[in-house]
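Summarising the annotation, Swiss-Prot assigns disulfide bond to C90-C183. Taken from Swiss-Prot, the feature N-linked glycosylation site covers N33, N75, N103, and the record attributes it to sequence analysis. Sequence annotations record features per position, and here Swiss-Prot assigns region 'Disordered' to 187-206. Taken from Swiss-Prot, the feature signal peptide applies to 1-18, supported by similarity to another entry.
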Amino acid sequence: MELHTVLIMLSLLPLLEAQNPEHAINIGDPITNETLSWLSGKWFLIAVADSDPDYRQEIQKVQTIFFYLTLNKINDTMELREYHTKDDHCVYNSNLLGFQRENGTLFKYEGEVENPSHLRVLEKHGAIMLFFDLKDEKKRGLSLSARRPDIPPELREVFQKAVTHVGMDESEIIFVDWKKDRCSEQEKKHLELEKETKKDPEESQA
């Protein structure tokens, strides 16, 4: 479930006319070095859609999520740093993401469990989207994230169409209300600490 909320990474799959969800989407564009560089940085979770009513109930408890992705080229992983606003309090988490370059699959590791999702990138809108468990009608889900918390109506409509094209209903979509964010101060403190940490080695060499 955690992967749904956070990976919130991303991407927009082509929307085709076929009615069968397995054929309606061409899942998994290859992940290149250029893709990984583009993904690096800050993202805002915009919306989540899920066919599991229990999961929708849980995700509604999480008011906002934004996250940072940092590429590690040495071992082909990405660091995921998440800021969740829940019950008007900020919760910070960090984790590692793995990926398969050939089929555009992302993995979040939770203990020994490997949770996959399928990634496509929509550079035109500065947005990314993840697709989960499309073959399972009871667990099927999508998430949309963007570089900015305020998205244009066009992108909102694209996400809504993506939801219906995989056999889900627009009523299963939950949009994030960014006025409820409570993590800006904690993020600021972390960024200041990172800045100071980068300064220290330089000062010691001076």
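A Cβ is built for glycine as well, from the same backbone N, Cα and C atoms used for every other residue.
Values in this document were obtained by computation on a predicted structure and should not be read as measured data.
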- Query: Pick from C90, C183: which of these disulfide-bonded residues has the biggest number of other Cβ atoms within 10 Å of its Cβ?
  - Reply: C183
- Measuring CA to CA, name the entry from the glycosylation sites N33, N75, N103 that ends up nearest C90 (disulfide bond). N75
- How far is it from N103 (N-linked glycosylation site) to N75 (N-linked glycosylation site), counting Cα to Cα, in Å? 18
- Query: How many other Cβ atoms are found within 10 Å of the Cβ atom of N103 (N-linked glycosylation site), counting all protein chains shown?
  - Reply: 14
- With an 8 Å cut-off on Cβ-Cβ distance and a minimum sequence separation of at least 6, pull the same-chain contacts of N33 (N-linked glycosylation site), or say none. K73
- Give the distance between the Cα atoms of C183 (disulfide bond) and N75 (N-linked glycosylation site), rounded to the nearest whole Å. 30
- Task: Specify the count of other C-beta atoms within 10 Å of the C-beta of N75 (N-linked glycosylation site).
- Result: 7
- Task: Specify the secondary structure state of N103 (N-linked glycosylation site) as given by DSSP, simplified to three classes.
- Result: coil
